[in-house]
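Taken verbatim from Swiss-Prot:
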- 8-28: transmembrane segment (TRANSMEM)
- 37-57: transmembrane segment (TRANSMEM)
- 85-105: transmembrane segment (TRANSMEM)
- 124-144: transmembrane segment (TRANSMEM)
- 165-185: transmembrane segment (TRANSMEM)
- 217-237: transmembrane segment (TRANSMEM)
- 251-271: transmembrane segment (TRANSMEM)
- 297-317: transmembrane segment (TRANSMEM)
- 334-354: transmembrane segment (TRANSMEM)
- 362-382: transmembrane segment (TRANSMEM)
- 385-405: transmembrane segment (TRANSMEM)
Amino acid sequence: MSIIKNSVWNLFGYAIPTLIAIPSLGFLARGLGPEGFGVYTIAIALVGYAGIFDVGLTRSVIREIAIHRDNHHERTKVISTSTSFLVLFSCFGAFLLLIFSDGIVNYLKISGVEHSDIQLAFKLLAICIPLFILNQLWSAILEGDEKFGIVNIQKSISSSCIAGIPAIFVFYSATLSAAVAGLIFARVISILVSAYYVRNDIKISGVHFCYKTFKRLFFFGGWMTVSNIISPVMVYFDRFIVSNIMGADKVAFYSAPAEVILKLGIIPAAIGRAVFPRLSNIKDFKEFKRNVNKSLLLMFLICLPVIIIGLLYSGLVLKIWFGENYQINSFNILNVLLIGFFFNALAMIPFSAIQALGKSKITALIHCAELVPYLALLYFMVEKYGLLGAAISWSIRVILDALLLQWLYTRMCSVYEN
């Protein structure tokens, strides 16, 4: 299958969940109130940040399955080793969240929402971590095989549940713990769907741990772990800093436009997910470069109209989706984030290309170099300019990140061609 066909499959996988997420998030924003909704988006961010407990193995598995697609023996070792390790390590991550949940709640400076409800919600959230990690791993097997039709049926079902079920729970009980309970229920459905589609792989591979295979996975994935630790900090930590400096009641007015950007992110993510396994499986560098250029052009042509429409109608989108308060307080934030989003989308192509060449160390070191300056800028800008400062900081970082990745990829091309 071509990158374009696989990208279309990926977009299809996001279409139904997005249609469900639009009214669902709007209902959650109104049902939980600004502070409750803001804390809920932070809870979602924590689950995303729990991706560090896959130590980069899911990305490694995609690459290894793509490389060893016709090697049955190596394939089973990759699946059994990664599954065995991640079951144990994700449970360890859940245990850590359980221990530190009260400290996280205190850091957020919550005023208007009942503390006991939030503490319960964050303890319940720990259950999501192993479910999230294993679901990512089993989806990675299908992505490595480029079975994007199956991947996106699975993602469509799973993401629809994750988008809609928390809102159903909040309809019956407008509390944060009810929303998180709905999220757990959705994650259980999600992992059952994933397990069904890879049941033969799981059954054949069994539960065995091969140190040599793990070492190879970790050598590539180890640098991915560095990226996985740092990248979510740069993606989600703005919400934590806003909550700590300005109070949890202000987070929602930043989180709402950030959620719009997150939903728009399905477009570049669909292309990026198709690009990585395809590039990993290409042996001829000229073909590799041709596919990268085609992917970059595709990303540009698809995302540019989205950004233009978004900039023209940002206020209207926020009013319809979240309510008039969000239109008043958040439309400038959304406009700034949209500009950053465009560059962030383009950056996915050189990022995937560099990693497909086995150079995950380079992308990890870039993230390391960006972290401290970004957090310093973010803290200063939030103190000085509030929510808009957070949006400007994020956009500056992703623009510089995109330019740096493209420059490094171009340099690598000159080395490989010579």
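Backbone N, Cα and C define each Cβ position, glycine as well.
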Under an 8 Å Cβ to Cβ limit, what residues of the same chain, 6 or more beyond the ends of the transmembrane segment (334-354), are close to it? 257-258, 260-261, 264-265, 267-269, 271-272, 275-276, 279, 288, 292, 295-296, 299-300, 303-304, 307, 310-311, 314, 317-318, 360, 362-363, 388, 391-392, 394-399, 401-403, 405-406, 408-409, 412
Candidate ranges 37-57, 85-105, 165-185, 251-271, 297-317 - greatest C-beta contact count to the transmembrane segment (385-405) (under 8 angstroms): 251-271
Take a look at 37-57, 165-185, 297-317, 362-382 and tell me which one has the most Cβ pairs under 8 Å to the transmembrane segment (251-271). 37-57
